[in-house]
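Remarks on the structure that follows.
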Amino acid sequence: MEPQTLKSNLVLILDFGSQYTHLITRRIRKLSVFSLCISGTSPLKSITDLNPRVIILSGGPHSVHSDGAPSFPDGFIEYVQANRVFVLGICYGLQLIVQKLGGEVRIGEKQEYGRMEIEVERACGLFGSKSVGDRQSVWMSHGDEASKLPDGFSVVARSQQGSVAAIENPSRRFYGLQYHPEVTHSPEGMETLSYFLFNVCGIAADWKMQDVLEEEIKVIKDMVGPEDHVICALSGGVDSAVAATLVHKAIGDRLHCVFVDNGLLRYKEQERVMETFQRDLHLPVTCVDATDKFLSKLKGVVDPETKRKIIGREFICIFDDFAQDLEHKLGNKPVFLVQGTLYPDVIESCPPPGSGRTHSHTIKSHHNVGGLPKDMKLKLIEPLKLLFKDEVREVGRILNVPQSFLKRHPFPGPGLAVRVLGDVTGGNALDILRQVDEIFIQSIKDAGLYDSIWQAFAVFLPIRSVGVQGDQRTHSHVVALRAVTSQDGMTADWYYFEHKFLDDVARKICNSVRGVNRVVQDITSKPPSTIEWE
């Protein structure tokens with residue numbers, strides 16, 4: 001699925017660095033409207049090529065007065081005016097509109113952070129469904145404020161402190177919200193976004209997963225020649241399984257799936273996954289045991305980013321070898337590689353879509369994005385690269401992928417390499433982690449909690465602690481348990497277990513796994529942490 005294939009009602013978000021930007025994308029898609037996010041500093045051509053109907057300027061951590069503060073490209077104002085594109089600025093985006101169109105932005109006398117009440121002053125445009133005097137609670141996060149509006153603009157709402165909360169110039173199709181409508185702390189934010197898109201901009205709610213599926217099948221058929229063969233890298237997770245099923249529907253038996261045991265899998269993962277592929281998904285899969293190859297490359301490596309890139313390179317080498325073996329059998333060498341890359345993978349591997357981003361940082365390189373070698377021989381097919389996890393599951397449901405498979409918790413491509421902090425080949429870290437993780441996950445299933453949790457796993461920590469086991473002093477390993485709730489993996493909150501559950505699990509681990517005498521729980525949200533430890 002390429003953005004150009006779905007551009008008639010495209011809402012394009014220009015990202016200026018806000019931690020909430022991805023939420024704008026998600027909220028708009030929930031309204032059945034296709035949205036994409038690219039860097040706010042992308043060249044004008046990157047914007048015009050997408051031909052958006054609406055552009056949203058995101059918030060950001062900068063002040064418009066700061067040296068090097070990010071801004072949309074030269075010619076942006078002229079482009080949106082000439083092409084009758086609607087523009088909505090959120091927080092920093094509002095201030096950017098004000099400054100660039102001739103208004104003034106100053107440091108606020110009273111900064112506004114957190115929940116704040118605003119009052120509607122004009123029941124039109126953004127608040128056309130409201131009445132003058134209506135109030136609502138919103139989430140503010142700004143130190144600067146618009147002190148003088150550009151010609152033709154009106155204030156349509158103010159905060160309880162009297163600051164500008166919303167502005168608009170309908171004749172020029174420019175609108176602005178000083179608060180964040182995309183977060184749940186703005187309870188009526190979705191209503192405002194919905195009214196803006198459907199009533200003000202005339203956007204149609206015509207983006208459906210069935211249409212996405214059909215369009216992607218067409219794209220794959222056009223891309224892959226009638227004699228071409230394709231390799232699909234199966235990880236045992238939802239993403240690659242849905243990607244494989246989708247491509248198989250498009251090209252049939254010219255798809256050749258490979259599952260690589262890299263020595264970094266969970267307890268009995270190879271046997272369980274291969275059985276699922278054959279019994280439930282009916283996909284032809286070859287299993288390659290590359291344990292020694294991966295672990296030898298990872299020996300002594302402790303930096304998580306280096307681990308990811310090593311693993312990404314090794315995967316590609318194996319796929320190249322698999323392609324050569326197929327060439328000998330088929331007389332026709334595969335030229336494409338299917339991967340289950342998702343939109344969050346692309347965003348987090350930075351630079352995010354648009355790649356001109358200079359005001360944000362790489363969170364982590366996903367092994368199938370940032371870890372790919374420049375000289376890889378196979379061409380990529382990534383049918384899910386613009387979708388979030390819940391959207392992938394919906395595609396899977398349409399493709400009749402079994403529910404039991406779709407509900408599986410995410411498992412990182414680099415596997416346990418990012419759950420062993422430090423050298424994965426040191427001692428028996430992998431064996432200990434597999435046993436601990438199996439006890440934890442099985443306990444969650446037995447308690448009927450598995451489907452309520454987005455992701456759960458154990459982590460091997462590179463520390464030892466003193467304990468007493470069997471009336472003897474021990475100096476053994478510490479493991480951590482992590483469980484989170486989330487919608488798309490971009491933000492997450494830790495899952496609250498009952499104390500008895502945690503007590504039972506900790507006892508099972510310490511009594512069953514030799515070499516562990518202490519169990520801790522991670523109770524950190526994302527942000528500030530990531531979901532995986534690394």
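Any Cβ shown, glycine's included, is placed from N, Cα and C.
No curator has checked TrEMBL annotations; they are predicted automatically.
The domain 'GMPS ATP-PPase' feature in TrEMBL is assigned to 207-408.
Note on A241 (ATP binding site): other Cβ atoms within 10 Å of its Cβ, all shown chains, come to 29. Per TrEMBL, the feature ATP binding site maps to S235, G236, G237, V238, D239, S240, A241.
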8 Å Cβ shell about S235, G236, G237, V238, D239, S240, A241 centroid, ATP site members excluded: L234, V242, A243, G340, R408, F411
Confidence summary (mean pLDDT) of the domain 'GMPS ATP-PPase' (207-408): 84
Other CB atoms, at most 10 A from the CB of G237 (ATP binding site): 17
Neighbour count (Cβ, 10 Å) for V238 (ATP binding site): 23
